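Beneath this line is the structure, given in structure tokens, with notes to follow.
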Amino acid sequence: MRYVASYLLAALGGNSSPSAKDIKKILDSVGIEADDDRLNKVISELNGKNIEDVIAQGIGKLASVPAGGAVAVSAAPGSAAPAAGSAPAAAEEKKDEKKEESEESDDDMGFGLFD
């Protein structure tokens, strides 16, 4: 990621085709040593490409990656129907859980395990 960021920084700074020397200079300015193999890989992949197009393609690829929230949303409607009939029981369980939590917090007498 550091090599891509340095390449983009050089390209956005006006250098349309940054070399390995340019990127090493950027990395050295913040105290990062460059790995020549990775650096050459980034340069070979990005050399000659329009940076704005590369960023737009990356955003498109990230948008197609599924997010973790979609699974929970799809499961909720199927489980909502059975839960509607047992709402009072669920409320009682929640009250019991709250009581148990308060008892557990008193067990340590206000002191945490690692304090």
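Here the Cβ of each residue, glycine as well, is placed from N, Cα and C on the backbone.
Per Swiss-Prot, compositional bias 'Low complexity' is recorded for 78-90.
Annotation source Swiss-Prot lists compositional bias 'Basic and acidic residues' at 91-101.
Positions annotated as N-acetylmethionine by Swiss-Prot: M1. Taking a C-beta cut-off of under 8 angstroms and a sequence separation of 6 or more, M1 (N-acetylmethionine) has no same-chain neighbours.
According to Swiss-Prot, the phosphoserine annotation covers S17 (among others), on the basis of a large-scale study or a structure entry. Following the DSSP three-state reduction, the secondary structure of S17 (phosphoserine) is coil.
Residue density at S19 (phosphoserine): 13 other Cβ atoms are found within 10 A of its Cβ, drawing on all protein chains shown. Residues or ranges marked as phosphoserine in Swiss-Prot (evidence: a large-scale study or a structure entry): S19 (among others).
Summarising the annotation, Swiss-Prot assigns N6-acetyllysine to K21 and lists a large-scale study or a structure entry as the type of evidence. Other Cβ atoms within 10 Å of the Cβ of K21 (N6-acetyllysine), summed over all protein chains shown, number 8.
Annotation comment: Swiss-Prot describes K21 as N6-succinyllysine.
Under the heading phosphoserine, Swiss-Prot lists S79 (among others).
Here Swiss-Prot flags S86 (among others) as phosphoserine, drawing on a large-scale study or a structure entry.
Feature annotation from Swiss-Prot assigns phosphoserine to S102 (among others); the stated evidence is experimental evidence.
Per Swiss-Prot, phosphoserine is recorded for S105 (among others).
Among the features that Swiss-Prot reports, region 'Disordered' is placed at 78-115.
With a 10 A radius on its CB, S17 (phosphoserine) counts 12 other CB atoms from all the protein chains. Following the DSSP three-state reduction, the secondary structure of M1 (N-acetylmethionine) is coil.
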